[in-house]
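Encoded as structure tokens, the structure appears first; notes follow it.
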Amino acid sequence: MSEIIDPPAPSGASIQRLKPNAVGLVGVMFMAVATAAPITAMVGNVPIAVGFGNGAYAPAGYFVATIVLTLFAIGYAAMSKHITATGAFYGYISHGLGRVVGLGAGVLTALAYMVFEASLIGIFSFFGNDLFKSFFGIDVPWVIFAVVMLAVNAVLTYFDINLAAKVLGVFLITEIIMLAMMALSVVFTGGGPQGWSLGSLNPLNGFQSLSGEVAGIDGSMITVAGSAGVGLFFAFWSWVGFESSAMYGEESRNPKKIIPIAVICSVVGIGAFYVLVSWLAIVGTGPENAVALAQDSATAGDIFFNPVHQHLGEWAVD
């Protein structure tokens, strides 16, 4: 492995560093899991996987992703015991393959994060506009929501990392409660209209493509088809952000110990949660009903909302 040595700073020059010992294990895990955006991954990605990927076997795709990413996380965590760098991928790849390759990986990662952030702001703006129209009858331009979100992000990234950790922690807990309400409502009401659908938990079924006919929303039979690759892609995509835990090494307490634990726990924890929530959403809706709803973007989210409405009432959906 090539050794990377930074040139010494000029005499008398001050070195800008991040605040050490600023955040603990819980804070790092909250930020890593919140970056993966569980509610967006579930309500946004699962319907696509169900409608155009592996159908009712979408939870199996998440099971496969959990296994593969856990293996990746083991190596990632092992590296974090030896390298503490805010650049994460850049720092790790530079140490292993050299600065040129590391720089290329860093640039690509930065571009991917920017695209990802833009998409999240777009989703936030859409739902913000929809919320104001539904509850207040006011059509607020989506651009206003986008600007507000950018401003909030700027404030949280500028000030102490503990502030960001606390804010993200609140939102993460809220997301988990919302999804857990749906999941528990299905469990405690005895499952869904078509049984428990245990085949959706068999990881081998994650490689099966959607095909066949199902009854549409209007009762007519419709032909459905998908690709397992699409389902698996959106399953893996749902973890984007967990790798950010390594970026907090310089700001965490005892990073050689905290970061490896945060990496493994976030991957396994996210995976178990995704598998159970996606499975119970499909069980609660019914596998065939879920596939039918996922064919139309206007009804795709009902895979999650219908069980909540049925078991908990309109207030929970609102």
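Note that Cβ sites are derived from N, Cα and C of the backbone, with glycine treated the same way.
Here the structure is a predicted model, which means the values were calculated and not measured.
Positions annotated as transmembrane segment by TrEMBL: 21-44 (among others).
The annotation transmembrane segment is assigned in TrEMBL to 56-79 (among others).
As annotated by TrEMBL, transmembrane segment applies to 100-128 (among others).
Taken from TrEMBL, the feature transmembrane segment covers 140-161 (among others). Long-range neighbours of the transmembrane segment (140-161) within the same chain, counting only residues 6 or more positions beyond its ends whose Cβ lies under 8 Å from a Cβ of the stretch, are 18-19, 22-23, 27, 117, 121-122, 124-126, 128-129, 132, 167, 248, 251.
Residues 26-27, 30-31, 33-35, 37-39, 42, 273, 276-277, 280-281, 283-284, 304, 307-308, 311-312, 316 of the same chain lie 6+ residues outside the transmembrane segment (168-188) yet bring a C-beta within less than 8 angstroms of a C-beta in it. Under the heading transmembrane segment, TrEMBL lists 168-188 (among others).
Positions annotated as transmembrane segment by TrEMBL: 219-240 (among others). Within its own chain, the transmembrane segment (219-240) is flanked in space by residues 35-36, 41-42, 45-46, 48-55, 57-58, 61-62, 64-65, 68-69, 116, 206-213, 267, 270-271, 274, 291-292, 295, which lie at least six positions past its ends and keep a Cβ under 8 Å from the stretch.
The transmembrane segment annotation in TrEMBL covers 261-282 (among others).
Ranked by the number of CB pairs under 8 Å to the transmembrane segment (261-282), the listed stretches 21-44, 56-79, 100-128 are led by 56-79.
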